[in-house]
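Visitor: Before anything else, here's the structure in question.
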């Protein structure tokens, strides 16, 4: 017990020196900083999650491509008991037939409907949260009309943080109805609570089966129709086809069944689409007029913010899209969205929009106006709005 170690120290002193010492506790300041950093990270995550839909609409930040793309191939349907693919009881009917000699021209025009210009890429915030939310069937659909201004309306609406829309035209209720609602829903972008899912397919308005099919999906679906002077619309329709097939007959020869008698050929789709009152009658058998909004294609060019105000009210949205989002492009003759944040260029519709129309014989234009006048007046009465085409 009393043995001494070298250096004159007692062996009793050794254990205390050899035992490992506990690490010194971190200073209180470090603990507070670590806790503050952790709380900041949690707060930042919750803030970004809550802003997934609304932050995208900060003034000047235009998310024209925030909607999911429908470019992916549709999922395969499970085969039925007999080995055949399952189909819905209602089958998609063909589009309104055209005169035999005019079918190729319309076929060429429809290609642009199936492959519209690709919208801008989604923002980083939208991409980050692309897996959030759920896919819903659309609560609102732009059903027409072709060459009326539907693409412009959809692009303008996509600026709104509470609107999510498919970029391409699904053509579900006229061409792909047999694929089923599950396939249709899968085309839609994901939405958060409080956001509206939309799509646009202009050919629905002239498809006889579309009203009943959309009503069967949901009787509460809100319908938007962009209409335009039917004479100007017909010329624009022809111009689109002409850009694809320069060898088609002249507008004058396609307009008349008999040029001498002045009998208009209503089997030509460019003429038929503009008989708005006739097509509207089919829709009013399934939807009340108050569930449909008729947008003026002419006013959408002259006063886009004013017309968008009506649309936002109709959809029950806050009026976020205002004059500050637009400027007029004199070269194209169309309003464009002001440049998005971080971009040096504004956003205008693609080169397929705003084509120069060919010169049409004034006598042909006059006879077309006379043909459309009674239908226009009836359309004004049905909608309660005078569009001033006469």
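Backbone N, Cα and C define each Cβ position, glycine as well.
Summarising the annotation, TrEMBL assigns region 'Disordered' to 1-26, 99-133. Marked as compositional bias 'Polar residues' by TrEMBL: 111-120. Taken from TrEMBL, the feature compositional bias 'Low complexity' covers 121-133. The domain 'Sulfotransferase' feature in TrEMBL is assigned to 138-373. The annotation 3'-phosphoadenylyl sulfate binding site is assigned in TrEMBL to 147, 148, 149, 150, 151, 228, 236, 353, 354, 355, 356, 357. Feature annotation from TrEMBL assigns active site, for sulfotransferase activity to 147. Here TrEMBL flags 336-348 as disulfide bond.
For each feature listed, report its degree of burial, its nearest neighbours and the pertinent distances within the displayed model.
Guide: Here the Cβ of residue 147 (3'-phosphoadenylyl sulfate binding site) has 26 other Cβ atoms within 10 Å, regardless of which shown protein chain they belong to.
Around residue 336 (disulfide bond), taking its Cβ as the centre, 20 other Cβ atoms fall within 10 Å, counting all chains.
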Visitor: Name the residues of the same chain, 6+ apart in sequence, whose Cβ is under 8 Å from the Cβ of residue 356 (3'-phosphoadenylyl sulfate binding site)?
Guide: 239
Visitor: Whole-number Å only: compute the distance from the Cα of residue 149 (3'-phosphoadenylyl sulfate binding site) to the Cα of residue 336 (disulfide bond).
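Guide: With the alpha carbons as reference points, the distance is 13 Å.
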Visitor: Fill in the CA-CA distance, residue 236 (3'-phosphoadenylyl sulfate binding site) to residue 348 (disulfide bond), as an integer in Å.
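Guide: Here the two Cα atoms lie 19 Å apart.
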Visitor: For the recorded positions listed here (149, 151, 236, 348), which one has the lowest count of neighbouring CB atoms within 10 Å of its own CB?
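Guide: Relative to the other recorded positions in 149, 151, 236, 348, 348 has the fewest Cβ atoms within 10 Å.
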Visitor: Could you tell me the mean pLDDT over the domain 'Sulfotransferase' (138-373), as a whole number?
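Guide: On average, pLDDT over the domain 'Sulfotransferase' (138-373) sits at 93.
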